[in-house]
Amino acid sequence: MGSIDDDTPLLEEGLLQDDEGSEQFTGDGSVNFRREPALKKGTGNWRACPFILGNECCERLAFFGITTNLVTYLTTKFHEGNVSAARNISIWQGTCYLTPIIGAVLADGYWGRYWTIAVFSAVYLIGYYMQGMCTLTLSASLPALKPAECLGSVCPSATPAQYAVLYFGLYLIALGTGGVKACVPSFGADQFDDTDPNERVKKASFFNWFQKPGGSSYTRMAQVLFASVRKWNLVVPEDSSLLYEMPDKKSTIKGSCKLVHSDNLRCLDRAAIVSDYESKSGDYSNPWRLCTVTQVEELKSLIHMFPIWATGIIFAAVYAQMSTLFVEQGTMMNTCIGSFKLPPASLSIFDVISVVLWVPLYDRIIVPILRKFTGKERGLSMLQRMGIGLFISVLCMLAAAVVEIMRLQLARELDLVDKPVDVPLSVLWQIPQYFFLGAAEVFTFVGQLEFLYDQSPYGMKTLGTALTLLNFSLGNYLSSFILTMVTYFTTLDGKPGWIPDNLNKGHLDYFFLLLAGLSFLNMSLYIVAAKRYKQKKAC
């Protein structure tokens, strides 16, 4: 593809100056993988969906295949206790959702989303993914790489070398998955032209065009903080037009447009005050001394989004139970369906089924009905959608607690409290908690992803979607911390604690009720934050 003729240049907002060019190229300034203006006819839309979705599906299949079965592997093959296994998995999952921050920095600041996905997909396949999977396979099959089998009630612990091999493989996978996770959601949303009403409604394809990388967003935020502290003694002018900004429509941030000044967090406006030194020298080029209004507004936007974003951490801690304590609960229930023995980890399929059912139900039935009453294009606002999801997460934990109360009551009736054996309560009783979790995922996770992408500054879209993954990272770490604290305080004076190795002697129901209470408190704080939040102003 050649460059655009000089007679029809792109404006900074991506709009073309003549009608012929407007029909030929996208109207939002998108470019193809060669960094050339994207042709509207031959790029984007639904054309590349099968390739990106297929790649993501295979990656997710491998990742969740390990995640859902890992707790069983650690407790049965590596002879870890329930708490230790759940804690170690939570920490690993937290790291898996932390590494996408690396991908976000590279995508927003240097490579762009297309090349970040391409490079890290290759790294994932050739290097980290292959090595990680091979290492895990070896640790599962070679006797020297895992502890010996139990002899009666005596189960030998794993050696440091055996743990090293296992976790080396796991953390290679955590590193390899980081570059793809952050980019795919925002890259998919970028496939539709925001200036086209029809494409703006869909916004769900993946591939040929994106926003240009605009320099490191972390550097820009650090510059605002440094410059505002440096000018702490200057008075912020009442007239915002006196603050420094580019004189024309051009923004100093590539791929972004200028942001409208807001009157809150005025302490940060000091970074955009033109000091006597800059006025006399005429040097406005050092962003560590003087920032534009747009640069300041970027940081303000992220600060305003922080309370909404932070409430997703508790939800992520709830979600972490699906691959840890839900599975451990299931192993102490009757897993036989007729002559077939159902692996407890396979119950997570009902979370997937719930998601598959709720997505079309929400899009095809709920949204059209709500649209008639609310007049909103999406039926519900992004904030309302997240609030509903947080409420459903409370129901999820309550359902899990009810199942555990029933299981423990049956264990006492049958005198199985001191015996680490399954209780004759069907594992299918867990289905409601998985269904609730899937519904909560559709409302909370999808709503938050939409919110962070929509409300993030133009030069920080990938960072915005990476913040969702950071939620899951911190949520898993929080889950590990809560497990540690609960175990410490409930095992004082020689007590078995809430989550002993023999769950029949414990009170896993109390732990689920604790998470339900934290989720309710989290939902209440979210409602307060959502009422105070003001939508981002358009450029």
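Here the Cβ of each residue, glycine as well, is placed from N, Cα and C on the backbone.
Residues or ranges marked as transmembrane segment in TrEMBL: 89-107 (among others).
TrEMBL lists 113-130 (among others) with the feature transmembrane segment.
Under the heading transmembrane segment, TrEMBL lists 306-327 (among others). Long-range contacts of the transmembrane segment (306-327) within the same chain, counting only residues at least 6 positions beyond its ends with a Cβ under 8 Å from a Cβ of the stretch, are 67-68, 70-72, 82, 85-86, 89-90, 93, 344-345, 347-348, 351, 383, 386, 389-390, 393, 396-397, 400, 430, 433-434, 437, 440-441, 444-445, 448, 451-452, 467-468, 471-476, 478-479, 482, 499, 508, 511-512, 515, 518-519, 522-523, 525-526, 529-530, 532-533.
The annotation transmembrane segment is assigned in TrEMBL to 347-367 (among others).
As annotated by TrEMBL, transmembrane segment applies to 388-411 (among others). Here the transmembrane segment (388-411) has Cβ contacts under 8 Å with residues 311, 315, 318-319, 321, 326, 329, 332-333, 380, 417, 423-425, 429-430, 432-433, 436-437, 439-445, 447, 504, 507-509, 512-513, 515-516, 519-520, 522-523, 526 of the same chain, all six or more residues outside its ends.
Residues of the same chain lying 6 or more positions beyond the ends of the transmembrane segment (431-453) and with a Cβ under 8 Å from any Cβ of it are 185-186, 189, 305, 308-309, 312, 315, 318-319, 322, 326, 347-348, 350-355, 357-359, 362, 382-383, 385-386, 388-390, 392-393, 395-397, 399-400, 403, 461, 464-465, 467-468, 471. TrEMBL lists 431-453 (among others) with the feature transmembrane segment.
Residues or ranges marked as transmembrane segment in TrEMBL: 465-490 (among others).
Feature annotation from TrEMBL assigns transmembrane segment to 510-529 (among others).
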Go through the chain and flag residues at least 6 beyond the ends of the transmembrane segment (89-107) whose CB is under 8 A from any CB in it; none is fine as an answer.
63, 67, 70-71, 74, 113, 116, 120, 167, 170-171, 173-175, 177-183, 186, 213, 216-218, 320, 323-324, 462-463, 465-466, 469-477, 479-480, 483
